[in-house]
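Take a look at the structure below.
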Amino acid sequence: MSRSSEQDLLSTEIVNRGIEPSGPNAGSPTFSVRVRRRLPDFLQSVNLKYVKLGYHYLINHAVYLATIPVLVLVFSAEVGSLSREEIWKKLWDYDIATVIGFFGVFVLTVCVYFMSRPRSVYLIDFACFKPSDELKVPRKSGKFDEEILGFKKRILQASGIGDETYVPRSISSSENTTTMKEGREEASMMIFGALDELFEKTRVKPKDVGVLVVNCSIFNPTPSLSAMVINHYKMRGNILSYNLGGMGCSAGIIAVDLARDMLQSNPNSYAVVVSTEMVGYNWYVGRDKSMVIPNCFFRMGCSAVMLSNRRRDFRHAKYRLEHIVRTHKAADDRSFRSVYQEEDEQGFKGLKISRDLMEVGGEALKTNITTLGPLVLPFSEQLLFFVALIRRTFSPAAKTTTTSSSATAKINGAKSSSSSDLSKPYIPDYKLAFEHFCFHAASKAVLEELQKNLGLSDENMEASKMTLHRFGNTSSSGIWYELAYMEAKESVRRGDRVWQIAFGSGFKCNSVVWKAMRKVKKPARNNPWVDCINRYPVAL
């Protein structure tokens with residue numbers, strides 16, 4: 001391989017792994033890499049239909065509350081100018097049957113409202129698995145020669161990942177690790193470790209859990225991982241269990257959404273969501289350098305979350321679920337094929353990464369946050385956004401700028417610059433909607449581009465970057481290690497809003513918003529950051 005082609009590979013980084021394998025390729029080790037390109041500039045275009053979609057969600061949930069001020073105004077206009085005696089006289093003038101009927105309709109309306117509105121879903125607590133120190137990344141794997149090891153070393157130096165991340169012991173062996181036995185052992189260690197901690201924290205018995213959702217993108221044995229959990233903890237026979245596979249790094253939020261839907265139809269229940277990925281089972285052993293890159297980024301990790309819809313859990317819950325917005329772009333061929341599973345020249349299975357991956361991911365992200373905006377942004381930010389959007393839509397200068405080429409823009413100089421300002425919509429300040437941000441720690445480059453496009457500070461990105469440094473890319477569980485970091489720093493206070501966002505193959509981008517119910521004063525003794533939090537933040 002020439003030096004120039006090697007440099008091209010050095011500029012590639014991980015963004016996601018896991019697609020929905022089927023047929024003879026099912027259960028094969030797969031990873032995803034991307035050519036290092038910038039995310040699309042969010043200032044260049046915002047699709048109005050996704051703004052409408054966000055307001056559609058808002059109106060559906062706010063219609064009841066919007067009618068209350070109207071009723072109050074009507075009532076005030078009717079009786080506000082009357083004295084107490086005149087009000088009683090007016091009431092007695094009505095037929096008693098009419099008054100009783102009116103009162104009955106009012107009571108029925110109130111009952112229907114309270115019975116039809118969704119139940120609040122609370123996050124009681126969560127746990128993140130921390131492997132033992134003996135599983136920290138070894139300096140050498142028995143499956144690669146010196147050339148490949150040197151290549152990996154150069155990538156890691158610019159990756160933002162520290163030297164204390166974890167991988168299974170099997171990868172340092174020269175034997176094949178992509179076996180069902182190795183996969184089950186790794187899954188048992190991480191999943192049971194996280195669940196043991198969760199049940200200890202919440203003091204909820206496994207038999208009391210009514211809903212179980214387990215997501216793991218690549219390793220999907222039979223019986224399923226959810227069945228493995230039920231067998232280990234001897235859970236009850238009527239538990240609603242689900243096993244999500246092949247959905248990539250965004251599957252953790254999809255699992256929370258599924259658990260929420262199940263809780264809405266099953267009152268007074270607990271739901272457990274387990275998110276993980278098997279690193280050893282997915283370890284690539286070929287010599288294609290573009291497929292070796294995922295080995296540099298993905299690390300061991302597993303999270304377990306306890307959800308409840310019981311009203312009495314309001315007092316001791318940590319967070320309340322506010323919004324979930326999911327975006328799926330698989331209807332577009334470019335998005336669907338941006339991460340595609342196939343074999344290399346030696347027959348080892350991996351993922352083929354399209355050059356369009358970063359552009360596809362940026363479009364999915366832009367769609368998701370545009371839909372989320374009307375649900376979370378204050379009115380002042382929404383007003384500024386719409387004024388800029390209307391000006392951009394109807395401004396002749398904006399249309400001219402949109403159709404002009406980049407060469408013309410360079411020639412026109414300052415004039416094209418001012419026209420370009422008209423063509424750019426106002427990007428809302430999401431710092432006014434959220435106090436904390438948990439972006440999927442795919443790679444250092446992706447996090448930096450997100451920070452730039454959304455105008456976030458280093459403090460806003462601290463949890464994501466430090467999680468990448470300490471634990472690497474742990475796939476769908478990564479956003480929970482980031483929230484654990486915030487709790488370890490004691491930065492979460494009552495009323496704070498937390499935004500978790502993740503993206504994965506397909507291409508998908510999903511967001512979930514939580515509201516803190518109380519201040520997390522002291523991190524738990526089994527918080528994965530408790531023994532190293534004083535060393536962070538560090539420079540990447």
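Cβ from N, Cα, C; glycine included.
Features reported for this protein in TrEMBL:
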- 57-76: transmembrane segment (TRANSMEM)
- 96-115: transmembrane segment (TRANSMEM)
- 113-392: domain 'FAE' (DOMAIN)
- CYS249: active site (ACT_SITE)
- HIS328: active site (ACT_SITE)
- 401-422: region 'Disordered' (REGION)
- 435-515: domain 'Beta-ketoacyl-[acyl-carrier-protein] synthase III C-terminal' (DOMAIN)
- HIS436: active site (ACT_SITE)
- HIS440: active site (ACT_SITE)
- HIS469: active site (ACT_SITE)
- ASN473: active site (ACT_SITE)
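Of all the active-site residues given, namely HIS328, HIS436, HIS440, HIS469, the one with the smallest number of surrounding CB atoms inside 10 A is HIS328. Between the C-alpha atoms of HIS440 (active site) and CYS249 (active site), the distance comes to 8 Å.
Using CA atoms as reference points, the active-site residues HIS328, HIS436, HIS469, ASN473 were checked against CYS249 (active site), and the closest is ASN473. When pLDDT values are averaged over the domain 'Beta-ketoacyl-[acyl-carrier-protein] synthase III C-terminal' (435-515), the model yields 95. Taking CA atoms as the reference points, HIS328 (active site) and ASN473 (active site) are 22 Å apart. Other C-beta atoms found within 10 angstroms of the C-beta of ASN473 (active site) number 30, with every protein chain shown included.
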